[in-house]
């Protein structure tokens, strides 16, 4: 569930989300290692936190590429409060870092954070910044400060053990009107700095309590929405993906007796029979003008 709204005469906006089930679904769909669960989980939470601020029909993609062993993590959200995502190396594991925590920064390494905002126009808006920590939350805050000139704070956490995802969530606070009094800015910064980690915070407090601790007072009107893991892949799109292959590749699949397309976003497998591949090959013949 995501909670969102504004404070201080709409000069500050916030979102806070708990999405353990969503991250657990991602873990199961992609058969993720512990570390990969934390990395993708953090990215999905980051993408979820911006959903209340998206334009209608907007698709927002967080794409992080680094020189670490996970190589790439991609999370996408929509204005309908859905998320989906994947990592390039779902089985990555590393020793715990010096703080005894999952080494997310080590898994990602040095690299770039790219945001793609697709508003349904001809060309999506793409912006890129260098990674400042590889921990994802700080990188998102840096992106908003540099690319969108919005002072932001993000805090994101995923707790996972042998039984699965225990806690997954985070919050984002953004100053969208620079006329906000300096003492309020300093108060928010101080309160956020004094909060424990998300994993600990969500064990001891409910989202509305966390917001009260951030802003120093009870929040007024708060909207809510359910975050869901949802992919828009289907069999027809999978078939079109096969049609992109050259004729020889399709013929090789037909000889093997079947063809398979796996969606990178949700790991759904679409299997096509020898007969279906025969039909697709006819399209290839027709395309060639024969």
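Cβ atoms here come from the backbone N, Cα and C positions, even for glycine.
If you look up Swiss-Prot, you'll see 231-233, 263-266 marked as disulfide bond, on the strength of sequence analysis.
Long-range neighbours of residue 266 (disulfide bond) (same chain, six or more residues apart, CB within less than 8 Å of its CB): 29, 84, 229, 231, 233. Applying an 8 A CB threshold to same-chain residues 6+ apart, the list for residue 263 (disulfide bond) reads 231, 233, 238, 269, 270. Every protein chain shown contributes to the tally, and the Cβ of residue 231 (disulfide bond) ends up with 17 other Cβ atoms within 10 Å.
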